[in-house]
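Student: TrEMBL lists B:6-24, B:77-95, B:116-133, B:153-170, B:182-200, B:246-268, B:280-303, B:372-397, B:418-436, B:442-463, B:475-496, B:516-535 with the feature transmembrane segment.
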Amino acid sequence: MAQDPGKMKAYWKKNLKTLFFLLLVWFVVSFGFGILLVEELNTIRLGGYKLGFWFAQQGSIYAFVVLIFIYVYRMNKLDKEFDVDEE
Amino acid sequence: MEILTWTYLLVGLSFALYIGIAIWSRAGSTKEFYVAGGGVSPLANGMATAADWMSAASFISMAGIISFAGYDGSVYLMGWTGGYVLLALLLAPYLRKFGKFTVPDFVGDRYYSKTAKVVAVICALFISFTYVAGQMRGVGIVFSRYLEVPIEWGVVIGMCIVFFYAVLGGMKGITYTQVAQYCVLIFAYMVPAIFVSMQLTGNPIPQLGLGGAVADGTPLLDKLDGVLTELGFAAYTSGRKSITDMFMITLALMVGTAGLPHVIVRFFTVPRVKDARLSAGYALVFIAILYTTAPAIAAFGIFNTIESTSEKNISELPAWVSTWQKTNLISVDDKNGDGKVQYVADSDANELSIDRDIMVLASPEIAELPNWVVGLVAAGAMAAALSTAAGLLLVISTSVSRDLFKTFRPEISEKKELRIARIAAAGAVVLAGYFGVNPPGFVAQVVAFAFGLAAASFFPVIIMGIFSSRINKEGAIAGMLSGLIFTLAYIIYFKFISPEFNTSDHWWFGVSPEGIGSIGMLINFVVCVLVSRVTPAPPQDVQDMIQEIRIPRGAGKAVDH
């Protein structure tokens, strides 16, 4: 595949930036809200839930699903932008 | 109709469906056998991955564990779903672009070394075997309870079914059977949950019902906290495990999920890189439906159990108690002889013991749901156990025929390779069945550690293989071995050599054996980087390959060497 190495470097850099941002959110909603800050968040209520408990048992899972779809959308756009997408 | 009649009917119908699909989609070539011809749609692949992933442990045991662990049970919920984010972002697209059939294939090519490949095969076989033995036991237990046959016969019946479609159909047969199995298992899981949620909270959606209020207007979770603390237990929504341990166990489960060979291999079956990304998303959606329902079933289950048994006269206990007493999964012992059941935290005074595995299986009976629901749950539990067992058998057979045989005997014909794969699958079924009938005491314990081992062995070398072009074979081999040996040693020491020391006082940095895979993973990373630094860089063609897999275009179909 004859691709311009400079362009590919830029593509990879943007890819890594996307990954970094998404994994940061991944870490914050699960390890952050669900474990490290659970006591503090439990003082806040979300209907019948304590917020920290909700993140640990349900909220983080919803966030994971959303994260993957943002990734899919963002990467498809990036692939097109750099002309490395598949037909 | 009776429970038993409904069970035979629903289990029978679902099995007929699976076998029908297996015959319809029989594999004719090695490519169809290993990766289903590479033409599966992302949606179907997502469903198949979900069924493959959700085992008897997810279906039967997880809600039960959460019932009794409360907040601490969150490690499984977050750990087993959060791993999919890692899979989708860090592994699936690149491994798909790489385009071979197995994880050891990747390790072998990326690290240009047969030794690295063989180490990877050993890891894959070990992980898959510990896992599959647990599944066969699960099948046996479900059969024995619902079909009223001995556990041994249950295992044998399960073996025959798995043998039939895994050996005949290969990946192609398995993929479409698993799609059907997903539908059966999710329907079976949701129906009782919806009924119970309606009964308790008036909300038909269990995910919301968990945050709902019971008849007297107090939120269910607050009520549960109150009842449990009154009986001397810890509150449902607060943790007993240390923060460090929660953190480490969750991390080990997440990383382990992303390193499990039977899950990774599923992403080789879709046509394009973008389909690999998307199908990881679909897989998590299908998994999340069950995983967000599980905490609701858990809370409803423990609430209903306490309400219907605690402080009740033994002669007036509901019928499900005596049904499950027959299987020894529930026992009542009136220690103080007052004719009432005391369910309390103090083990000397407690008179009711409940095996956590019955929380899902017994939930329809506890909530007094119609008989057909009970039969449906049986069919769902079977689907969960069989689909995972089949996926694992495929990894075992592929590892033997392809990663071992073909590496050392590259000249064998495709026909012969396919025959070896089928013989290996057959051998694995028999061996798994043997362990299902004669479970070594450690099987149940070891299943959880399969994750720790996957985390400590595979994950770092695959990640480094993609994201660093400097890591070489010396680094990879040293990393895998050090991570694996450290993790194994820690687990074996605390679980088998000195179980009396298995308390938080003796653990290193307060990390339990369940969470030690996280440390093993860090060791693997560090050793991998350090050793690579002092040894020569990988050859140019390998560095070119790394650049190549980072770009989606030109994935083509998964190809043979």
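Glycine is treated like the rest: Cβ placed from N, Cα and C.
Heads up, TrEMBL stuff is auto-annotated, nobody curated it.
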Student: Which one, B:116-133, B:182-200, B:372-397, B:418-436, has the most C-beta pairs under 8 Å toward the transmembrane segment (B:475-496)?
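Tutor: Looking at each of B:116-133, B:182-200, B:372-397, B:418-436 in turn, the most contacts to the transmembrane segment (B:475-496) are made by B:116-133.
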Student: Under 8 Å between C-beta atoms and at least six residues away from its ends: which parts of the chain pack against the transmembrane segment (B:116-133)?
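Tutor: For the transmembrane segment (B:116-133), the nonlocal Cβ contacts are 55, 102-105, 107-108, 260-262, 388-389, 392-393, 395-396, 399-400, 403-404, 407, 428, 431-432, 435-436, 439, 443, 446-447, 449-450, 453-454, 457-458, 461, 473, 476-477, 480-481, 484.
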Student: For the transmembrane segment (B:182-200), name the stretch out of B:6-24, B:77-95, B:246-268, B:280-303, B:418-436 with the most CB-CB pairs under 8 Å.
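Tutor: Most Cβ pairs under 8 Å with the transmembrane segment (B:182-200) come from B:280-303.
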Student: Can you say which of B:6-24, B:280-303, B:418-436, B:516-535 has the most Cβ pairs under 8 Å with the transmembrane segment (B:77-95)?
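Tutor: Highest pair count goes to B:280-303.
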Student: Taking the transmembrane segment (B:516-535) as reference, which of B:6-24, B:246-268, B:372-397, B:418-436 has the most Cβ pairs under 8 angstroms?
Tutor: B:246-268
Student: Report the listed stretch (B:246-268, B:372-397, B:418-436) having the maximum count of Cβ pairs within less than 8 Å of the transmembrane segment (B:6-24).
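Tutor: Between the candidates B:246-268, B:372-397, B:418-436, the best contact partner of the transmembrane segment (B:6-24) is B:372-397.
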Student: Please indicate, using numbers and ranges, the residues of the same chain that are 6 or more beyond the transmembrane segment (B:418-436) and have a C-beta under 8 Å from a C-beta there.
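Tutor: Here the qualifying positions are 29-30, 33-34, 129, 132-133, 135-137, 139-140, 155-156, 158-159, 162-163, 166-167, 170, 389, 393-394, 396-402, 405, 412, 443.
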